[in-house]
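Remarks on the structure that follows.
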Amino acid sequence: MQAKDSNPPDGGYGWIVVVSAFMVMGLTVAVLKTFGLFFVEIQQHFDELASTTSWITSITIAVFHLGAPVASSLCVQYTHRTVVITGGLLAFSGMALGFFGFNMVWMYATTGFLQGLGISFSWTPAISIVSHYFSKKRALANAIASAGECAFAFTFGPFFQWLISQYGWKGALLIIGGIQLNICVCGTLMRPLASSCLETSHCKTETPPHNGASRRDKEDKSPITHKTFNWMLVRRPEFVLYAIFGVLAAMSFFVPPLFLVPLSYSLGIDESWTASLLSILAIVDFGGRLLCGWYANLRITKTIHLLAMTITLISTSLMLLPLANNYLSLAIFTGFYGFFFGTTVAIHITVLADVVGMPEFDSALGLFMLIRSTGGFVGPPLAGLIVDMAGDYRACFYMAGATLVLSAGFLVILDRLQQRKKKGSKIRTKPEKSTLPYPSLHLLKHQ
């Protein structure tokens, strides 16, 4: 059964879709975040270098981002439901085949490539369909869905560690793959909206709407109407500016989780206390996403303005974090960073939908993920190079903060461009005044 309303319901069955997306976020990105627990086990089993073993995670991340345009294109051609179910099967296959662990190349192909493709095919349509089901409450819905990543990451750490201790790393991979099959269940719950031409192949023509309906269709209140992936979005200045912001932000976002633990070690903080910093990150990240989603839903502040504010606050917290000299101060600054990071993640997809409009959203999301991946690849090596040159882990946090300040500048430029275009469209649509000086003369002209 399909949804009856052609407009986003902003509730009702949409909340089932949000819960499903919440689960998908946890069963994909949270698994990727905690896969580091398998690192030492796999390295020791194959007796390989750390750099060789790290390629498993690198391949997963690369395929996750590079597969986003493919996933978006498939969503346009078929349905979000179909792509999510396919992603669940791929993720399960990657983990289940990794159970055999023949050699490192086998691990690259299974837990690397297949798992990354499964995450991409699950995550991309899951976050996309939430935006199609919501308009007024889109920010809140996206925030709740994305919070699944934090909630699951918080519990998966100790759970995966227990699985490894009980069943070994191979047995743990097989069990986790079985758990990821629940992605398919979540996918079946992602029911396409009724008026979407994605559900039926015979939907080729539509009855011309009345003027009022036509006006509503131009707003982003309609579900997907395009049947082809729009690569030409790269020619739109608004999308290009937002994509540049995404690249610069990604260069910074991957730095703190990677270098936070080494920084704490360099400060002489005990290993047991250091581990708690990651838990603090997950908790405050969760709270930041929900709170910012709720606030954005009130529509007090324009979403792009809110995003620029949160980016500025993240950069400030990163600049202050190197000033920490003990566990308490480091935990406080880490908490600030995690909270503001959560607020940013909660609304950055909503801002993308506002920038391109819902008819182009699927294509834009895939392209945005593809372009943003360059920042994720360049950021950590650049930060590592800066650390090597400075001989201090604090240096990479300054780099991350400065890059975020630069990214906020592109948001300001984007906002100015949108305002200028909006004013220009108002001037063009303004009705022309009568050339006759008096209404009476106008009447006489027609007599």
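Indices start at 1 and increase along the chain as displayed.
Glycine is treated like the rest: Cβ placed from N, Cα and C.
Residues or ranges marked as transmembrane segment in TrEMBL: 12-35 (among others).
Under the heading domain 'Major facilitator superfamily (MFS) profile', TrEMBL lists 14-419.
Annotation source TrEMBL lists transmembrane segment at 55-76 (among others).
Sequence-distant contacts of the transmembrane segment (83-106) (same chain, six or more residues past either end, CB-CB distance under 8 Å): 24, 27-28, 31, 42, 45-46, 48, 52-53, 71, 74-75, 112-126, 170-171, 173-174, 176-178, 180-188, 190. TrEMBL lists 83-106 (among others) with the feature transmembrane segment.
Annotation source TrEMBL lists transmembrane segment at 112-133 (among others). Remote same-chain partners of the transmembrane segment (112-133), defined as residues 6 or more beyond its termini with a Cβ less than 8 Å from a stretch Cβ, comprise 8-10, 13-14, 17-18, 20-21, 24-25, 27-29, 31-32, 55-68, 70-72, 74-75, 80, 83-84, 86-95, 97-98, 141-142, 145-146, 180, 183, 186-187, 190, 192-193, 196, 223-224, 349-350, 353, 358, 361-362, 365-366, 369.
The transmembrane segment annotation in TrEMBL covers 140-160 (among others).
Annotation source TrEMBL lists transmembrane segment at 172-190 (among others). Long-range neighbours of the transmembrane segment (172-190) within the same chain, counting only residues 6 or more positions beyond its ends whose Cβ lies under 8 Å from a Cβ of the stretch, are 16-17, 19-21, 23-24, 27-28, 31, 38, 80-85, 87-89, 91-96, 98-99, 111, 118, 122, 125-126, 129, 160, 163-164.
Here the transmembrane segment (239-261) has long-range neighbours at 233, 274, 277-278, 281, 311, 314-315, 318, 321, 334, 337, 341, 344, 348, 351-352, 355-356, 364, 367-368, 371-376, 378-380, 382-383, 387, 393, 396-397, 399-401, 403-404, 406-408, 410-411, 413-414, 417, meaning same-chain residues at least 6 beyond its ends whose C-beta is under 8 angstroms from one of its own. Taken from TrEMBL, the feature transmembrane segment applies to 239-261 (among others).
Same-chain residues lying 6 or more positions outside the transmembrane segment (273-292) and placing a CB less than 8 Å from one of its CB atoms are 139, 143-144, 146-147, 150-151, 153-154, 157, 257, 260-261, 264-265, 306, 310, 327, 330-331, 334-335, 337-347. TrEMBL lists 273-292 (among others) with the feature transmembrane segment.
The transmembrane segment feature in TrEMBL is assigned to 304-324 (among others).
Sequence annotations record features per position, and here TrEMBL assigns transmembrane segment to 330-352 (among others). Beyond the transmembrane segment (330-352), the same-chain residues lying 6 or more positions past its ends with a Cβ under 8 Å from any Cβ of the stretch are 127, 131, 138-139, 142-143, 146-147, 150, 242, 246, 249, 253, 256, 260, 263-264, 267, 269, 276-277, 280-293, 296, 303-304, 306-307, 310-311, 313-314, 317-318, 320-321, 323-324, 361, 364-365, 368.
What TrEMBL lists as transmembrane segment is 364-383 (among others).
Per TrEMBL, transmembrane segment is recorded for 395-414 (among others). Using a Cβ-Cβ cut-off under 8 Å and counting only residues 6 or more beyond its ends in the same chain, the transmembrane segment (395-414) has close neighbours at 238, 241-242, 244-245, 248-249, 251-252, 255-256, 259, 263, 304, 307-308, 311-312, 314-316, 318-319, 321-322, 355, 379, 382-384, 386-387, 389.
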Task: Contact set, same chain, for the transmembrane segment (140-160): CB under 8 Å, 6 or more residues outside the stretch - done: 14-15, 18, 21-27, 29-31, 33-34, 37-38, 126-127, 130-131, 133-134, 172, 176, 278-279, 282-283, 285-286, 289-290, 292-294, 296-297, 342, 345-347, 349-350
Open item on the list: So, taking each listed stretch (12-35, 55-76, 304-324) in turn and counting its Cβ pairs to the transmembrane segment (364-383) that are under 8 angstroms, which one gives the highest count?
Closed with: 55-76
Task: Overall pLDDT of the domain 'Major facilitator superfamily (MFS) profile' (14-419), taken as the mean - done: 84
